[in-house]
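Engineer: The domain 'GGDEF' annotation in TrEMBL covers 355-490. The domain 'EAL' annotation in TrEMBL covers 499-755. Here TrEMBL flags 12-31, 37-54, 66-84, 96-117, 129-152, 158-183, 195-220, 226-245, 257-279, 285-304 as transmembrane segment.
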Amino acid sequence: MPSVLPPAVARRQWQIMTAIGVVVTAIYTAWSTSPLASVSLVVLGVLTVVACFLGPRRWGAEPPAAWLMMAVAALLFLIGLLIRPTVTDLAMPLPLLADVASFSGYVLLGAFLFVLLRARRSLERHAVLDGLIVCVAAGLASTLLLAVPAAAIAGRPALLSIIQGTYPLFDVVLALLVINLAFTTKTWPVSMIGLLVMMVGLFVGDTAYAIVGVSGHIYASPLLNVPYVPAFAAIGVAALHPSVVEMSRAGRLPVQAWSWQRLAVLVPALILPFGLLLATGSGAATHRLLIAVSGALMVVLLLFRAISAVQAQVAAQLHSEHQATHDPLTSLPNRQSMSTLIERLVTTVDSHGPERVWVYMLDLDGFKWVNDSWGHDTGDQLVIEVGRRLRAQAPETVPVARVGGDEFLLAFVGDKAGALRLVDDIRGCFARPLPVRDTEVVISASIGIAHAGGDPVRSAVTAEALMRDADTAMYRAKSEGPGRSTIFDTSMHEQVRERIELEVALRQALAGNQLHVAYQPIVRLETGMPVGAEALVRWEHPERGSIPPMLFIPIAEDSGLISEIGTFVRTEALRQLGVWRSQGVVSESFYLSVNVSPRQLSEPDLPLVISGELFRFGVPAQCVALEMTESVMVDGSSVTARVLHELRQLGAKLLVDDFGTGFSALGYLRQFPVTGVKIDRSFVTGLGKNDQDDEIVRAVVAMSHALGLSVIAEGVETPLQREALYHVGVVNGQGWLWGKAVPAQEFAERWHLTAALPEVPLPVTTITNSGRHRRD
Ligand code: C2E
Ligand code: MG
Ligand code: MG
């Protein structure tokens, strides 16, 4: 059994089969009349049948039924061959037994080839037409030269004669299938060659029989069987070779209209009727009629062939033109053709009139998140649906193109009012949720708009510039939040350049030690004593001096540098805390608060890395707080959720930074293991002066206490703010009132446990309301 054979042996079986085939062919040719010849033929035949059963199954050839048919066909051929010499001379209907076996074999072989060809997608119109032309010619020749004479032989049962005359016609049909295979195959693996050798063997053998048959014999000599011997071996080899799996794989050549190989087969076929006409010129009228009909049929087929070739050519050309100018996913025009379209629009606009060419660059917000959480298939579907809606929503005169993963481009000619109306139309596309797969996605788009007056001379330049400016404006819109739109103005160019310069400089800063960490105290409002500190990154540029984080952190986030920066700040801060703890600079419960960006929280190994650092610097997890923005929880993937839970399990505090500026949805505060919130500076600023701010802070505190969360107020600058905060129940605060962020050395000097209390933070005495909820 091949399945229990070691792979090396299994791989060599086809070579063994080849060797057996050569030996048996030699024996059969040399001693065709001896019993040894018959015995070796039986051995070879049986081996072949077994090979057809087991080989394809072993290598996993598809479809399994095809090779089963081939195995049975081989068995039937073998039976036919073996019994023919014996049954030929017996009384009717016994001689037909051999034919029943061979006939069934042919039918199965034909079915086998057909199934294979269909699986290969080789039954291609051109190849079939070519095959049919050759078939008609071969059928004509074999009918006139072999079948008719054989069938006309008297002195034996008519049925027998007719059957003998039919064999060559079987071969013609098989030839059609084999020609199909040969014309459409790209590679010639061993199994394919085996199959062709088998077909040639069958063909030669059948032709030999047919030629003998013309003289009235059904069976003359065992020598007639010689061509079948290698045919058996060849099909065995085809079945055993690993390349048997390739036989049914679609790997066909793109059919060329004409090729030399095809002409070499087709030209003789087309000439044949004329040759036959010459040869049998004096023959019966039915012969000439047959020749005429076949010739006409061939001409018709040839015509079909020519028409079909032209059609295919035209279709291919249209297809490639469409592909060159359209996006394959949405079938919308692509960037290149949109550029040409815009160029054309620019030439049509009168530069002195009120009309302008408006170009809209649209980018989906959070598309990456859809792709990451639901997979690229869903992302593709979303893009298709957005493309469909945009096309349906925009007026017909407005071209819509897809120019990138989730980017679309629209162009419009008209005045400003019309242009802004189109923005509303575009927005309308995103008002309803987009059905994708078995879910619905709510998504928005950032839109950048650029416009220009007509300039027929410089239309190409203008078109490119418009698309580039719309892109710049789109990035600006995106930076302002999701779902925004912005009209380009020239100052944006300057900002883009500045941004690129900063990014380059930031990369150098990371490598060149220009970054360091500063610490700002977080104090207990009541006592003014520090309970912790926030670690904040500082960048000292050699020429430009100190660059504020508000300027470079967004750039770092966009460029991915934030991970490296975040890691640097965190490691340095934890190291520093370890030192302070060992030197007794800070109390046991003193904690450091570190900012973590969304990108860092999407790194699955972050908890592991942090726990390693805590161990390394001897810092307990309770002494670390991680600050994140609300967007982390609103936009976060399942990875982020897992990371947050693991960090919390570790024991670290998790704080929501700048609370109140973002979505301020309560749901996520319960869903994620957050331990506290930091009320954004913007609410603290108005405290004591603005009633609304007072109310907001009061509400945040009440809500936080209800959820068991700690509260820290950010940006406390005045004693008034501090008192108001204390009054509404805020326990801890951070701000310039107690001190700005300073380098580690300075922080230690100022806030050393044993150092005298600084002057500013006196206990708040004016507040009588002492029964408040407190945490930390
Ligand atoms: P943040 O996390 O909300 O940090 C507080 C910011 O408010 C700091 O600005 C701090 O210097 C400032 N601040 C503190 N007290 C006062 C005050 O009384 N009045 C005023 N007007 N401002 C005060 P900074 O250092 O410029 O940092 C800005 C933002 O940059 C931070 O906001 C944070 O989002 C980000 N950032 C800073 N360092 C890092 C870092 O290492 N990693 C990450 N991912 N982001 C960082
Ligand atoms: Mg912060
Ligand atoms: Mg903050």
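Glycine too: its Cβ is placed from the backbone N, Cα and C atoms.
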Engineer: Please indicate, using numbers and ranges, the residues of the same chain that are 6 or more beyond the transmembrane segment (195-220) and have a C-beta under 8 Å from a C-beta there.
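Structural biologist: Result: 84-85, 88, 95, 142, 145-147, 149-150, 153, 155-156, 160, 164-165, 167-168, 170-171, 174-175, 178, 181-182, 226-232, 234-235, 238, 247.
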Engineer: What same-chain residues lie close to the transmembrane segment (226-245): Cβ under 8 Å, and 6 or more beyond its ends?
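Structural biologist: 11, 13-14, 17-18, 20-22, 24-25, 28-29, 32, 41, 44-45, 47-48, 51-52, 54-56, 59-62, 67, 70, 74, 77-78, 81, 189-195, 197-202, 204-205, 208.
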Engineer: Given the cut-off of 8 Å on Cβ pairs that are 6 or more apart in sequence, determine whether the transmembrane segment (158-183) and the transmembrane segment (96-117) share at least 3 such pairs.
Structural biologist: yes
Engineer: Give the one range among 37-54, 96-117, 285-304 whose Cβ atoms make the most pairs under 8 Å with those of the transmembrane segment (66-84).
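Structural biologist: By the under-8 Å Cβ criterion, the transmembrane segment (66-84) pairs most with 96-117.
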Engineer: May I ask for the residues of the chain that lie six or more residues beyond the transmembrane segment (37-54) and have a Cβ under 8 Å from a Cβ within it?
Structural biologist: 1-3, 13, 17, 20-21, 23-24, 27-28, 31, 67-68, 70-71, 74-75, 77-78, 81-82, 222, 225, 229, 232-233, 235-237, 239-240
Engineer: Do you know the mean pLDDT across the domain 'GGDEF' (355-490)?
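Structural biologist: 90, rounded to a whole number.
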Engineer: Using a Cβ-Cβ cut-off of under 8 Å, list the residues of the same chain that are 6+ residues beyond the ends of the transmembrane segment (285-304) and lie near it.
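Structural biologist: Same-chain contacts beyond the flanks: 129, 132-133, 136-137, 139-140, 143-144, 148, 269-270, 273-274, 276-277.
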Engineer: What does the DSSP secondary structure composition of the domain 'GGDEF' (355-490) look like, as residue counts for helix, strand and coil?
Structural biologist: 60 helix, 39 strand, 37 coil
